[in-house]
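Student: Attaching a single structure in structure tokens format; questions to follow.
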């Protein structure tokens with residue numbers, strides 16, 4: 001067997017949309033605006049949920065975690081992507097690529113688990129209302145959220161280390177606007193089977209398993225809700241869960257479309273455009289969906305804003 005002719009890689013070139021300058025000029029203002037809305041909207045939810053005592057409940061604790069995740073996730077790649085959209089020099093260092101890969105994998109994976117935890121919280125609140133304060137204790141909330149963050153960070157660090165320790169040879173052009181792990185693995189000239197196994201295990205644990213748990217939780221919620229005698233009670237239960245369901249469908253729908261569809265050997269510009277949409281648009285819409293569909297959040301926001309105005 002001939003030895004692999006690998007070279008030490010110091011940086012990668014992120015191809016992104018470099019072949020479509022008109023598209024780059026269009027995406028820059030759109031992505032800039034959406035990123036700004038993402039930062040402001042999610043920061044607003046975190047601030048409101050912390051400052052208003054009425055929102056110190058498990059539901060808003062997890063919602064605050066989701067907002068922090070969205071800020072962290074988009075911040076791992078959007079700032080650099082915006083710089084590259086206006087620059088001809090679209091390089092990233094080897095260490096920077098590994099860090100971006102690890103953080104985006106970690107935050108994206110944590111959101112999968114967090115949405116399942118939020119579904120479990122809604123199941124207990126609606127199907128076990130009398131025991132809910134005991135079952136979903138403050139300690140359990142921190143334990144569930146912390147376990148999701150730590151587990152996904154461990155998984156992402158493991159996947160990143162295995163991927164980036166592979167020998168790279170030939171060109172160093174990543175056919176993506178970010179150091180997406182599948183795009184980087186295409187440049188490796190060593191055996192990628194171990195990395196692919198880890199990615200497959202991670203994909204199973206973080207996509208179909210949480211989604212099945214979410215579907216089971218909402219099936220039980222629906223069955224319980226339909227047994228509520230009053231129409232007002234049913235509307236309240238559906239209203240409580242509708243925002244979370246909208247976020248779940250938006251997030252899982254786009255992720256499954258991107259990662260479960262048949263893979264083509266060559267990168268397509270349409271895939272990258274769709275990735276921009278789900279990676280930037282979804283985190284921007286989360287606070288919009290929750291705030292517009294939730295009277296408590298809107299009232300708390302008005303209350304906090306009133307305090308700020310009074311203090312001036």
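For all residues, glycine too, the Cβ spot is worked out from N, Cα and C.
Pulled these from TrEMBL:
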{"type": "DOMAIN", "residues": "41-290", "note": "domain 'G-protein coupled receptors family 1 profile'"}
{"type": "TRANSMEM", "residues": "26-48", "note": "transmembrane segment"}
{"type": "TRANSMEM", "residues": "60-86", "note": "transmembrane segment"}
{"type": "TRANSMEM", "residues": "92-120", "note": "transmembrane segment"}
{"type": "TRANSMEM", "residues": "140-158", "note": "transmembrane segment"}
{"type": "TRANSMEM", "residues": "197-225", "note": "transmembrane segment"}
{"type": "TRANSMEM", "residues": "237-260", "note": "transmembrane segment"}
{"type": "TRANSMEM", "residues": "272-292", "note": "transmembrane segment"}
Student: Which residues of the same chain, at least 6 past either end of the transmembrane segment (92-120), have a Cβ under 8 Å from a Cβ in it?
Tutor: 9-12, 14, 59, 62-63, 65-66, 69-70, 72-73, 76-77, 80, 144-145, 148-149, 151-153, 155-157, 159-160, 163-164, 174, 178-181, 184, 202, 206-207, 210-211, 213-214, 217-218, 244, 247-248, 251-252, 255
Student: Check the domain 'G-protein coupled receptors family 1 profile' (41-290) for me and report the mean pLDDT.
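Tutor: Residues in the domain 'G-protein coupled receptors family 1 profile' (41-290) carry a mean pLDDT of 85 in this prediction.
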Student: Compare 140-158, 197-225, 272-292 by their Cβ pairs under 8 Å to the transmembrane segment (26-48) and return the stretch that comes out on top.
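Tutor: Comparing 140-158, 197-225, 272-292: 272-292 has the most Cβ pairs near the transmembrane segment (26-48).
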